[in-house]
Amino acid sequence: TGPYGPHTSSSPPSSSSPAFCPVQPSRHIVERQSRMLSFRVEYRQRSTEVVLEDASTVGDIKSILETELQVPVSKMQLKGWKSGDVSDSTVLQSLHLPKNNSLYVLTPDIAPSASTSQSSAQQGLSSQNYLLVISHREAQRDYSLNFPASKTIQEVKRNISDLTNIPVRHQQWDGWPASASDDLMTLASSGISYPCHHLTVCRRSSPALTVDQTDECTDVHMVSDSEGEDFEDAPEFGVDESEIFGMGSSSCRKSPMMPENSENEGDALLHFTAEFSRRYGDCHPVFYIGSLEAASQEAFYGKARDRKLLAIYLHNDESVLSNVFCSQMMCADSIVSYLSQNFITWAWDVTKEANKARLLTMCTRHFGSVVAQTIRTYKTDQFPLLLIVMGKRTSNEVLNVIQGNTTVDELMMRLMGAMEIFTAQQQEDIKDEDEREAREMVKREQDEAYRLSLEADRKKREAQEREEAEQVRQERIRKEQEEEREAIRLSLEQALPPEPKEEGGEPISKLRIRTPSGKFLERQFLGSCKLQVLFDFVASKGYPSDEFKLLTTFPRRNITQIDPAWSLVEAKLFPQETLFLEAKE
């Protein structure tokens, strides 16, 4: 195909290349530049990538997939949209999608063999994978299983024994080529059709109980050489029948998924993940390492937009379904991708009774006794189980319990059904959370405005209190100063020499002093009296020399600048003089 043509790939799904569909430019010039969106589309065991502009519609994607998958649009259900189901006319731009997206195609009206066979036929011989479409006649059910070319016929029959509960020795097959004469042959050398081969299996009628052991073994060889070899290699007595029948081999041959009575749940999950990877490869869901309570917190109790479903995988090695469920379902690329994007996956091994009892205790504590009782009702051969749990406002709800006897398509449909229920609930939770946050924002703004108002009132009150306190302090200082001045004045007044009389015979100077208020102070002093006595007299009347100047009228002289030790006669204030007081600047 050219650089703009679609490319597809069959199993393994990881090898896929993009399909690009150019959209015809609009006749009108638009300002917004188109975004290119990438879609990884899973269909059964195939993976296709489609790249196109966000101005395209959902129907454009289906048209590309119709050509690529050979599936009519009318029988195609395109799932995986975050906003729920959408119509073919929906424009991708209106969905507000990220650059990279994952979708899944479901075709309930098409048998698994039809589409899968066509997709596998396009794969070259170098893929090293065979698709075996095996019809179980009694159950009227088809299994589409991928096996590497190195897998032996014996291993295929053992896996079918796990799926159908038909022991290998009782299996009767149709469809194996004549060249597949030895069950130890690999699929690559068996002569089956590549890449897809159809087989039919059913339970062989039991031989009459009257035949001897040798005849019975001969009959078994006619049906399945691998089981006859088990009889030949086994001791004559004490053979483990469950191992011969291919049932219970998991628990006999493998180390346990989880140690018994592990003190720490995180350590137990680390051991589980390591053992799961060792058995089935590294392509598996990311198991949450931690307690069930921590996984629940991670899934349910964040912001509504960040919440996820909780998938609890319960493993039991004693179930014949465990091996096929893990290798074909839990390790399918589409299942791994979908679980990783939308779920928190937590796992536990209930093979040991102690671990099962511990799980039931945890479930009772976190989900209630109903969930624990539900798990108790399932028998060993119904395991493994995948519980889909959704967190709700008041309690956690188990949406689905998926048993081990399922297919990839059925598992995907049930996961997506749970996801649709969860998405609807999540949208309501997001709306409620947004409304609550809006209310809280308004309340916070009101509280902040009220706080700022209180703060402003407090500052105003404090400023007023400081001002009043300052006034009180200044008033106190003023009074203290006045009291101090009054004390000084009284002291000076008491220290003044008595006013001399004219009859004393000594020279007397009569001084008349005008105050700033216009009043006059009059007093007689001895001519020999010092100027300091004059200054003290004026200060005793409330006019200290450090605040007022004592001046003569004419000529104008500043008496306070003369040496206070001079006498009045020396200062020429004799026999009489008129002075006036003036405040210093």
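Using N, Cα and C of the backbone, Cβ positions are placed for all residues, glycine too.
TrEMBL annotations: computationally assigned, not manually curated.
Sequence annotations record features per position, and here TrEMBL assigns region 'Disordered' to 1-22, 455-480, 490-509. Annotation source TrEMBL lists compositional bias 'Low complexity' at 9-18. Here TrEMBL flags 504-581 as domain 'UBX'.
Here the region 'Disordered' (490-509) is broken down by DSSP into helix, strand and coil counts: 9 helix, 2 strand, 9 coil.
Below 8 angstroms of C-beta separation, residues 523-529, 533, 536-537, 539-540, 568-569, 573-577 of the same chain, each at least six residues beyond the ends of the region 'Disordered' (490-509), sit close to that stretch. This prediction places the mean pLDDT of the domain 'UBX' (504-581) at 91.
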